[in-house]
Amino acid sequence: MDREFIAERQKGLQNYLNVITTNHILSNCELVKKFLDPNNYSVNYTEIALQHVSMFFRSEPKWEVVEPLKDIGWRIRKRYFLMKSKNQPKERLMLSWADFGPDKYLSDKDFQCAVKLLPSCSHPYIYKVTFATANESSALVIRPFNEKGTLKDLIYKAKPKDPFLKKYCNPKKIQGLELQQIKTFGRQILEVLKFLHEKGFPYGHLHSSNVVLDGDTCRLLDLENSLLGLPSFYRSYFSQFRKINTLEGVDVHCFGHLLYEMTYGRPPDSIPVDGFPPAPSASVVAVLESILSCEAIKNGMPSVSKVLQMSLFSDILLTNSEKAQFKIPTKLKEALKTAKECTEKRLTEEQKLIHQHRRLTRAQSHHGSEEEKKKRKILARKKSKLSAFESGEEHSVKYSNSNNSAGSGASSPLTSPSSPTPPSTAGVSTIPPPPPPPAAPPLPPQMEGAVHPDPPPADSARREALLSSIQNFQKGALKKADTCDYSVPRIS
């Protein structure tokens, strides 16, 4: 229990937690959140998900759970199950369940309508939804299970069923994709983003784990996340930059992360990126600079259409002939637009709070730095010296004034021979007192009776004369005196 040992251990633990929380994947891990905040993360979400899924199966008996897919995703409140249909038992399906997030702004009626529209969405680069339903607190979506996994599984050479941390947190080999794959996959993803933006359907959840691979074709996952109001995988990044304040801008920023990961086989160390490593093509770096560089973060994100026109993607020909179709009723479009505006408003408010907090933290660290402490000490010394000088100068002025007033009197105690001689000041640099003020001109005779000048300040002179008399007092100089003592009683 030695204090120094405890302080050293505490500092080491703090450094350890700082490293963990600055790692994007680890900071979102359920174990880390439970350790740091056990009160808010004590619920078993797998059991809650099973309860909701079981209630769903009562009304839809044709589905059957094969096994839970533990920790294959990064979200704490989202759970996955391997499913099969009783009509087609050999076909593997994946069920995902999630409750509402902080950005769920649709009414229950509009939300259920939007979720049930998801199976009707048809696009060559959107992964097909088999079934979708919702209740008053959550949503449930069933899709075909893709054995090849996601784009992130391809980049990290991972098995789709393995836990998220095991697959992506510490990859054995870091290697990006080939240039042609980067160009093709990038173009396909941009096309589906453009389609969703034109339909007025907010997305905001693009990352490599939400892109499924089917041969040379990318297909987007989890359109329901924006309806549920769930936070984006990259929210901790773009919430720091006030120019990224729309869902379109968020999608482009997330695409920059995805393109970096496809190019270099790993996510960027920090955002903004100061310098990019060598890439398969200069056109890749040009796109990355337009999204992730300091200048891009400062000025805002380019539009999806502008990124599509860049040389990296403009020469890619898409051969898929599937017709894109997603019919959204006009009333629901208005509700989606309102929900999108509310989401963007909350993002702007959060960015403002983060900006204010960072300014306060910078100011505190600046004032608490050693250099600033030294400056304050020097300034305090200068102030004390200045105040001492001013008080000394004031005392000198008073002393001079008392001398002048004493010299004008007829019998001043200061002029008596018993006054103490002031100590010698040879070798000491002292500031001489200022000269006495000039004598005032005499008043005219007719005004003397009307003006009553203040008496000269002789109090200090009298005090010094008294002190001088006490110091020079000699007992031997007293005269002997005869005393008559009448205190003794006399008897006659």
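From the backbone N, Cα and C atoms, a Cβ is placed for every residue, glycine too.
Per TrEMBL, the feature compositional bias 'Basic residues' maps to 356-365 (among others). Proximity of distant same-chain residues to the compositional bias 'Basic residues' (356-365), defined by a Cβ-Cβ separation under 8 Å and at least 6 residues beyond the stretch ends, is recorded for 240.
The compositional bias 'Basic residues' annotation in TrEMBL covers 374-385 (among others).
The annotation compositional bias 'Low complexity' is assigned in TrEMBL to 400-418.
TrEMBL lists 431-445 with the feature compositional bias 'Pro residues'.
Annotated domain 'Protein kinase' per TrEMBL: 5-360, in sequence order.
Residues or ranges marked as region 'Disordered' in TrEMBL: 356-466 (among others).
Residues annotated as region 'Disordered' in TrEMBL: 473-492 (among others).
Note: the compositional bias 'Basic residues' (374-385) comprises 12 helix, 0 strand, 0 coil (DSSP; helix = H, G, I, strand = E, B). Broken down with DSSP, the compositional bias 'Basic residues' (356-365) shows 10 helix, 0 strand, 0 coil.
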